[in-house]
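Beneath this line is the structure, given in structure tokens, with notes to follow.
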Amino acid sequence: MKALSKLKAEPGIWMTDAPKPEVGHNDLLIKIRKTAICGTDVHIYKWDEWAQKTIPTPMVVGHEYVGEVVDMGQEVRGFKVGDRVSGEGHITCGHCRNCRAGRVHLCRNTTGVGVNREGAFAEYLVIPAFNAFKIPDNISDELASIFDPFGNAVHTALSFDLVGEDVLITGAGPIGIMAAAVAKHVGARHVVISDVNEYRLELARKMGATRAVNVANEKLEDVIKELGMTEGFDIGLEMSGVPSAFNSMLNNMNHGGKVAMLGIPPSDMAVDWNQVIFKGLVIKGIYGREMFETWYKMASLIQSGLDLNPIITHQYSIDDFQAGFDMMISGQSGKVILNWD
């Protein structure tokens, strides 16, 4: 089958002819329709320090997808051939304490589709049926293909009660922008998102952010005054992994504020802990999606009128995958979709 693989320990990604995966007793075989390029895939493409330590070669990569069930193992229940599905890319062990307690997203033995095992940038993908999520008929293939990153946004944004709150999001990548849309949809008052990429800030404006702030030109403190906020932000969603952005967030949080962190900062990031301690801030780390509460919330948010379509800015045939990666790497895009049909 046709597949995009990381063949060599160097920058790049390659179209290959890979063997069709075999279906185990508890697995689904999914014929891929659409995939989306994730920031993780860009790290793998660039072969940065994280990728060099994490990614085996050769391996089929990719983990954002939608497809159709074409075969299944003999033990599978609840699915049928023809079902349209996406899936949770974190494969969990089922026997650690967190798995047995129902906190599956905190499994300490997690492996990742397209990271530690064969991925979705291929004509066919095998995953455990447990990880598959049926897509409702009124949700498009395009939106279903980005459920994985949308889930990161939903998990982060809904970590705390947002109704009537003032929310600061640092980092206007696709996940940060989707988090802004979620926050407005569920009833936040002011949603302010910051970045230095004007293209993506404009996308955030289209998606409903109260203010999209280019911090190269404008101070958050001035935006707070302009919006009539007298006590700082109630909720912070850190999506950038940039130390200066995180410290700016801490400076502008209200006392008793809550911060959810999805962005991965450098390991040696300096933090002004006085801001955390004396303001009584709560900081929560976010990894992946809650299984499978986040997935049901994603579908319900879209069905209740949340419009994510503006975040999908480019689509390419899989044969033009290089153009898709180039566009994603340029930073002048939202989500980039590769079509396998």
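Just so you know, glycine gets a Cβ as well, placed from its N, Cα and C.
These figures come from a predicted structure and were not determined experimentally.
The feature active site, charge relay system is assigned by Swiss-Prot to Thr40 (among others), with sequence analysis given as support. Around the Cβ of Thr40 (active site, charge relay system), 22 further Cβ atoms fall within 10 Å across all displayed protein chains.
In the three-state DSSP assignment, the secondary structure recorded for His43 (active site, charge relay system) is helix. Here Swiss-Prot flags His43 (among others) as active site, charge relay system.
What Swiss-Prot records for Cys38, His63, Glu64 is Zn(2+) 1 binding site. Long-range Cβ proximity for Glu64 (Zn(2+) 1 binding site), meaning a same-chain Cβ under 8 A and a gap of 6 or more residues, is found for Thr35, Ala36, Ile37, Cys38, Gly89, Ala120, Ser145, Ile146, Phe147, Asp148, Pro149.
Per Swiss-Prot, Zn(2+) 2 binding site is recorded for Cys93, Cys96, Cys99, Cys107. In the three-state DSSP classification, Cys107 (Zn(2+) 2 binding site) falls within coil.
Following the DSSP three-state reduction, the secondary structure of Gly263 (NAD(+) binding site) is coil. Residues within less than 8 Å, Cβ to Cβ, of Gly263 (NAD(+) binding site) and separated from it by at least 6 positions along the same chain comprise Thr170, Gly171, Glu238, Met239, Ser240, Gly241, Val242, Ala245, Phe246. Among the features that Swiss-Prot reports, NAD(+) binding site is placed at Ile175, Asp195, Arg200, Leu262, Gly263, Ile264, Ile286, Tyr287.
The Cβ neighbour count for Cys38 (Zn(2+) 1 binding site), using a 10 Å radius and every protein chain shown, is 25. Residues Ile175, Asp195, Arg200, Leu262, Gly263, Ile264, Ile286, Tyr287 are recorded as binding NAD(+); their most distant pair of Cα atoms lies 23 Å apart.
When the C-alpha distances from Leu262 (NAD(+) binding site) to the recorded positions Thr40, Cys93, Cys96, Cys107 are tabulated, the minimum falls on Thr40. Cα proximity to Thr40 (active site, charge relay system) (within 10 Å) is found for the following binding-site residues from His63, Cys107, Asp195, Ile264: His63.
For His63 (Zn(2+) 1 binding site), the same-chain residues lying six or more positions away in sequence with a CB closer than 8 A to its CB are Cys38, Thr40, Asp41, Gly89, Gly112, Val113, Gly114, Val115, Gly119, Ala120, Asp148. In this structure the C-alpha atoms belonging to Cys107 (Zn(2+) 2 binding site) and His43 (active site, charge relay system) are separated by 24 Å. Other Cβ atoms within 10 Å of the Cβ of Leu262 (NAD(+) binding site), summed over all protein chains shown, number 25.
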